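Input: a single structure, listed below in structure tokens.
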């Protein structure tokens, strides 16, 4: 198993002036993952029962617990009490015994008298020491019994008693898991020297005595969101003295025996009777969202007292106790103090970021922006070598240089005006700013240092105009003025109401690239020595260690973490080199976006150039809101748009106890919602027939379909989701351009949730590529590239490359590599003016809100397009009236000439187009592009309040001849129906006639009709010539249902026939005359209807204002105040809300049909 990298560096980012290239230390090598074939060795004894040879018959009885350890000897009853039992008595016994033995030897006595001296000495010592140990036990009992002087410590005896009771039960299982996992690691770890043929734990137990919390103290005078606790923790083995064999088998202490097979010889090492005592201080920083603890700081108040028995050769005849070596234990304590001090001993502490640990990405907690202004009054060193001062600054965290400024020549008052971004992993490590004097032929000299406590940044993230003095030998050596700002990395937060906030799709943040392994670099059996170089934006940032193996897999597991200030342009180049001669074996260049997408979709294996194997790379990403203007929210140009046509869902899980759910489906890209269908009420088998277009920036993005159930009070509930396989959609032609591809064969996806899988969704997919065009920013980048290229060529002509310093040569080399990469990146794109772009009527519209103002904090800005009743994208919640951090969203525009854009400010994040409108503005999309393409424009929103938004847009044309008719404006609009006449209708009255009229429904058979005709009495061949208009939202898939009714004056109207017409038969241009067959209630011929249709295409919004369900209020409000019976009441009232029928009856309508009253 690979170890973590020892050093994490990052690339500084400069703003106002350009610094010289900063050389960085290479990342420390990690343990690889090459396959190691060591034999599997099983542990001989695991757990206290096996170590102590415990059997069922050895279980202690109540009598055994009462057995006195202070057993008397024969001499106890003879010798007076004051003659034995203290330490000096034992000393006297050994002194007299030794003196007598010496005397017998001196006077040449035989060995017989000495034997009796030894026997008597042993009996006397045993009697004395047993009484001494008994007195110690009595003293310990007395300490427990006697009331202590008052202090502010608390006892946790309840927890200690609980552990004491259950520890012997769980210990064998815990020990077994430890042995299994550790032995597996030891068997496969390549860092173990090859001459060790086997290494394993042979015996292991944690003992029957658990760890103990001796005391707890909680500090009172802390902030409301801070908890500080002192804990005293100890782990003490049992005293086995004076126990009999049965008791020893029940009181087993800690023991570990590790065996190693070295050159064919097995060497055991035993560690037993481990004891320690530590006083710790733990600080919890609390927060409202899950997991409710933001940080935990752990501090040891002093070096722990640790003792153990370590034998080099185990329990063999030649064993040697390691700690018996004089001075070894004090040395261990001093080394512990030396290396633990800067991490755990006061004033330092180990800080754990809990949300970061839960996310499993283990990225930095944020980005520290250091803006260095200037330094004044630098004092020269007294050294004779200092003719001039060329100062520069170096920034250190945890003893590692993380950034440097440029060097200012020959000045005592340097001005830098430079900004550097560095990764911050914890607030507990202070920032060290060192002032250096740059010297050409000698090593750079330290002129002074500033140590800054970063803990203050946690609560005050922006600190301006900090002035501090450089210190050397505790004397000020000059003053530095600088600014600090902290930008935390963002993680999904679960709010108290259960809603998980989506992360903004920002262009700035922190990334970690982990080079895991390579496969297939050479033929199997051929030994290769290889390593990998990682270049970020053409700069070498990481070189892995060299691995020589004849296996197929090369394992490195080395990582590089960096601040990213423009994710769109970030590129990673992986170069696999031969470790013997540094020649290039193969390489690949990947955009950072693509690497992130590959990790999201678990496509971590990257094909290498010339088909020479694959490289496995994992890339983590966390956004951070850096104050870089529009760069933070810059949009990544798409490669095209994916059309997800969701037909229907079947057998959805019913989350309602009574009644049915109100489902809708949504499409997500990399976990971010990009579009949704309309809601279908009261059904487990909804039919949507709706297309959702999502823009994609790479073929490796993760597209997900998720079904939801609408809740009007609580958050919408997930019914399950699944990922869509799109890999076969992305194909390129001979010119390396994506081509249009449609898969019209219906697919079926199984919905999977945390509670299992239930429900199927039927859908189709298609891909429409966008035209590769240069954005305005890319055009500016190309102009800068050309200028830079000319400057490098001019510099090469003016001076010889060999006359430049190594740093200058490396800088030119990196600049040339970057120019080559960018020219390759932009080489296939076209430069089109706005007029040329607008000739394409379909495309992806990217909108960036840069600035603006809203009525106050707690508002959201939503964007609606065309007929969409739900927001295409929604802003984060505003924190104040002024919008300081913008956002970006995109949408597929199918017909630019008729497209409309609506921006709305609302208090409800998930409101639809007609709900909760504070203020809004509607503008033709074409006009918006013309006004906001080259430069931002300001939009004014009006209504109950007012807002202003500064927006800028981009237009990426989709190269498609024709989109499906169901997606165009001709698919929705106003349908004008002329009911002309009918023939041969069925009679319903006793007189042989009917009083017919028609009811028209869209995709329904009951409820309120969309329109109905007038009534013609006493005829089977009525002529109505009646005209009405209804709205149609999906002409290609909607069905017009016609109910032929007979009017009755004294009872409910009767249904005498049915007819239906797929509206796709209606021509969107001109008048369509259709004769429709009527079927009777029993399927008989019910006559013919003569109808005319005229269709006026326009965007139709089908959403309405949602009413809060009584059941939802009950489950959230009334239900929370009830205990018994809560479920019953919540279910009953919830049913009322779901069924849409009042419990108090409805308003009576005259001439209402029997079916309508159902």
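For all residues, glycine too, the Cβ spot is worked out from N, Cα and C.
Predicted automatically and left uncurated, TrEMBL annotations should be read as such.
Copied over from TrEMBL:
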type	residues	note
REGION	1-20	region 'Disordered'
TRANSMEM	92-125	transmembrane segment
DOMAIN	152-355	domain 'SMP-LTD'
DOMAIN	346-467	domain 'C2'
DOMAIN	492-618	domain 'C2'
DOMAIN	622-739	domain 'C2'
COILED	782-825	coiled coil
DOMAIN	954-1076	domain 'C2'
Counts by DSSP class (helix H/G/I, strand E/B, coil) across the domain 'C2' (954-1076):
9 helix, 58 strand, 56 coil
Could you tell me how many residues in the domain 'C2' (346-467) are helical, how many are strand and how many are coil under DSSP?
10 helix, 58 strand, 54 coil
Let me spell it out: take the transmembrane segment (92-125), skip the flanking residues so only those 6+ beyond its ends count, and list any with a Cβ under 8 Å from a Cβ in it.
73-75, 84
Let's see if you can do this one: DSSP helix, strand and coil counts over the domain 'C2' (492-618), in that order.
12 helix, 66 strand, 49 coil
